[in-house]
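Working notes for the structure below.
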């Protein structure tokens, strides 16, 4: 295990702070979506009534604060270090959902969260140091190499297929559609965010990077990707259980982001086989935790559902493949 550099330490502190804010924002935003769904069309049905709900905006502000901290973290540390710390937002979100939204988290779900943290910690302790980048043009060169251009093209094709073919047909019954869109676009967002963060960092150090058009192209990419992510994340939150959206979104987002970072920044080029293997083991541990959360998803809800007839069918979590559990929603008021 290598000693962490000062930049990596700064990145970790910012990433942890970001996870706390973002984890809270999931819960606050969902409260807003619940309130908006009572009086109008739900976000999952194409409604935008949540834009008039103060709770939703409070959640957005909380998320923005978290994203700013996350944004700053990418200026100091590699994506393979910053991104896995999103596991902390899973735990914070799941615990708050248990107490505030009454989306019950079983003891095996708690174990799944612990595994996510252990895996993330393993990755952090063996993460590579940030490579020296002295200009946004250097990042642009990395982004326009054939490998990353091919990755970006594949992402765009898959996202367009999900939006125009799969989302209208399977969006409300298969969480993977919404989460897939957010995760794939998120990997491009992170690469562009890192470029912009580096440009800002270098500009504050006296080397203005915004005189180059490359920086502005990265800003445009970030804006477009963020708008898409917010829209489809709202639909996911409105249709499915928060305690499971968070870990599944985290795993998919982290997987694609690490893959994108490997291709673009070649994070593992300077590491030994043992270090890479240890990081992969950490990631497998995270996947195991998420699998455990998914497989035990109904345990925390079955008792309360049997004991009460006042719950809406929408209180029962619906996950990646759940085509038969939404049919009753069209015959009753839209209440989360």
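Using N, Cα and C of the backbone, Cβ positions are placed for all residues, glycine too.
Annotation source Swiss-Prot lists topological domain 'Extracellular' at 1-7 (among others).
According to Swiss-Prot, the feature transmembrane segment maps to 8-28 (among others).
Per Swiss-Prot, topological domain 'Cytoplasmic' is recorded for 29-55 (among others), and the stated evidence type is sequence analysis.
Under the heading transmembrane segment, Swiss-Prot lists 56-76 (among others).
What Swiss-Prot records for 80-100 (among others) is transmembrane segment, and it gives sequence analysis as the kind of evidence.
Feature annotation from Swiss-Prot assigns topological domain 'Cytoplasmic' to 101-104 (among others); the stated evidence is sequence analysis.
For 105-125 (among others), the entry in Swiss-Prot reads transmembrane segment, with the evidence type sequence analysis.
The topological domain 'Extracellular' annotation in Swiss-Prot covers 126-145 (among others). Per DSSP, the secondary structure of the topological domain 'Extracellular' (126-145) breaks down as 8 helix, 0 strand, 12 coil.
Under the heading transmembrane segment, Swiss-Prot lists 146-166 (among others).
Feature annotation from Swiss-Prot assigns topological domain 'Cytoplasmic' to 167-179 (among others).
Per Swiss-Prot, the feature transmembrane segment maps to 180-200 (among others); the stated evidence is sequence analysis.
Mean predicted confidence for the topological domain 'Extracellular' (201-212): the pLDDT average there is 93. Annotation comment: Swiss-Prot describes 201-212 (among others) as topological domain 'Extracellular', evidence class sequence analysis.
Sequence annotations record features per position, and here Swiss-Prot assigns transmembrane segment to 213-233 (among others) based on sequence analysis.
Positions annotated as topological domain 'Cytoplasmic' by Swiss-Prot: 234-244 (among others).
What Swiss-Prot records for 245-265 (among others) is transmembrane segment, and it gives sequence analysis as the kind of evidence. Sequence-distant contacts of the transmembrane segment (245-265) (same chain, at least 6 residues past either end, Cβ-Cβ under 8 Å): 23, 26, 78-80, 83-84, 86-87, 89-90, 93-94, 112-113, 116, 131, 142-143, 145, 147-148, 151, 155, 175-176, 179-180, 182-184, 186-188, 190-191, 194, 233, 236-237, 283, 286-287, 289-290, 293-294, 319-320.
Helix, strand and coil counts from DSSP across the topological domain 'Extracellular' (266-272) read 0 helix, 0 strand, 7 coil. Positions annotated as topological domain 'Extracellular' by Swiss-Prot, on the basis of sequence analysis: 266-272 (among others).
Among the stretches 8-28, 56-76, 80-100, 213-233, the one making the largest number of Cβ pairs under 8 Å with the transmembrane segment (273-293) is 80-100. The helix, strand and coil residue counts that DSSP assigns across the topological domain 'Cytoplasmic' (234-244) are 9 helix, 0 strand, 2 coil.
Proximity of distant same-chain residues to the topological domain 'Extracellular' (266-272), defined by a Cβ-Cβ separation under 8 Å and at least 6 residues beyond the stretch ends, is recorded for 78-80, 128-129, 131.
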